[in-house]
Amino acid sequence: MRITVIGCGYLGAVHAACMAKLGHEVVGIDVDDQKIRELSSARAPFYEPGLEELLREVQETGRLTFTTDMSAAAGSDVHFICVGTPQKKGENGADMTYVDAAASALLPHISPGDVVVGKSTVPVGTAARLAQLVQDQEPTSHLVWNPEFLREGHAVADTLQPDRFVYGVSDGSEDHPAVAVLDDVYAVPLGAGTPRLVTDHPTAELVKAAANSFLATKISFINAMAEVCEASGADVTRLADAIGMDDRIGRKFLHAGIGFGGGCLPKDIRAFMARAGELGADQALTFLREVDAINMRRRTRVVELTRELCDGTLLGKRITVLGAAFKPESDDVRDSPALSIAAQLQLQGAVVSVTDPKALENAAKRFPELQFEDDMYEAITKADALLLLTEWEQYRNLDPYALLSRVASPRILDGRNVLDPEKWRAAGWTYRGLGRA
Ligand code: UGA
């Protein structure tokens, strides 16, 4: 099939490459000239494991091209909208500018029978609104809402072998003509057994909002338990192990630490609350306000713990922050708790040095006032305290003995609870975890 992918960011670039890998002829379209130039030379404009190899592989087949020219969409059977929906400035709601701009730029180029597929995370009601625009343009064309559930750092595998597909169509029926078209697009993963659900438009939109809200709630739940553990002398990691053994609860997403960040969970729960308010259902989601508050409290808690670790004052203390990305295997620093903590420490008088294997360039753009150091060993030299805030493999595997001679004081705060406290203490370090005595 011939496929258009509009928006070549974390979602669209991966989607375009994966659709070409599935055998389709794909054109990726983005307004950002620089991004298109990089993708056209098979370079990923951001770090995502396996993406660059995949871009090279599929571009050799000639099935994947990139352009800034929307008229290239003409002639495709299926058009995916993969642009961002960031949080509006100063408000909780989602900024729909990019989705609306993408739709209005695309519509003049669609042909009878084409299928427009929304993948961006949007407020419920968007699909019905866009479906009307599609119908007004081409009465035989359809709009499907097909939310994306990929995780950064695993985006290629999550796109090629997702847990499930959700197709939201206007009548919610399996017999809707767009269902067969999307089944052709995803023939390979469907053939391998990936389940798919057909729903109406609002249900498909809500599946995504509900899934991210549930994940955020799970993380904040365990972080709330961490607060109680800290107050009572218990250990949240053992508590999570024990409750996670109950199948109904499960151990995944019960890692207590500095909380969730990134371009999705924080803004998605806020946009969901804002939308529920508009629909008169705000009471249903007031718990998400608490989820958000627990999450943000973790950041303040880490600043306080660091102060304690540094004998009660941050003034002039040299603090090394290990990790700037919002999670490992990503260079994404959007709403990164690690960077937010680094900035707060700096504001309170500490001399902060941040290191990260992939995210320093993005971090420096967002927080130019912080000091960044590529070389981890340089970064920790003469540090009064180390803060492990993004659990990259190389930080998990640090040898406490090897670092001793580098630092001014052997003190470490493990913001992700990934180090072995006994090992670090045995090596002479003062170790603090989160939610652990
Ligand atoms: C999240 C969802 O997991 C995806 O399913 C969804 O498609 C995506 O948002 C999206 O809406 O596009 P992602 O933002 O890549 O994916 O990252 P997650 O793996 O969900 O992690 C989010 C944050 O939670 C990270 O800061 C991570 O460090 C933190 N986290 C995660 C915890 O603090 N504890 C945990 O147990 C798990």
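Glycine too: its Cβ is placed from the backbone N, Cα and C atoms.
Per TrEMBL, the feature active site, nucleophile maps to Cys264. For Cys264 (active site, nucleophile), applying a Cβ distance below 8 Å and a minimum sequence separation of six or more within one chain yields Thr121, Asn212.
Note on Arg334 (NAD(+) binding site): other Cβ atoms within 10 Å of its Cβ, all shown chains, come to 21. In the three-state DSSP assignment, the secondary structure recorded for Arg334 (NAD(+) binding site) is coil. Annotation comment: TrEMBL describes Asp30, Lys35, Thr85, Thr121, Glu152, Lys267, Arg334 as NAD(+) binding site.
Packing around Gly261 (substrate binding site) is summarised by its Cβ count: 23 other Cβ atoms lie within 10 angstroms of its Cβ, all protein chains included. Residues or ranges marked as substrate binding site in TrEMBL: Phe149, Leu150, Arg151, Glu152, Lys208, Phe253, Leu254, His255, Ala256, Gly257, Gly261, Lys327.
For 320-421, the entry in TrEMBL reads domain 'UDP-glucose/GDP-mannose dehydrogenase C-terminal'.
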When you measure from the Cβ of Thr121 (NAD(+) binding site), how many other Cβ atoms are you left with inside 10 Å?
24
So, by DSSP, how many helix, strand and coil residues make up the domain 'UDP-glucose/GDP-mannose dehydrogenase C-terminal' (320-421)?
32 helix, 18 strand, 52 coil
Of Phe149, Arg151, Glu152, Lys208, Gly261, binding-site residues neighbouring ligand 1, Cβ under 6 A:
Phe149, Arg151, Glu152, Gly261
Given the binding-site residues Phe149, Arg151, Lys208, Leu254, state which is nearest to Arg334 (NAD(+) binding site) when distance is taken between Cα atoms.
Arg151
In this structure, which of the binding-site residues Leu254, Ala256 has the fewest other Cβ atoms within 10 Å of its Cβ?
Leu254
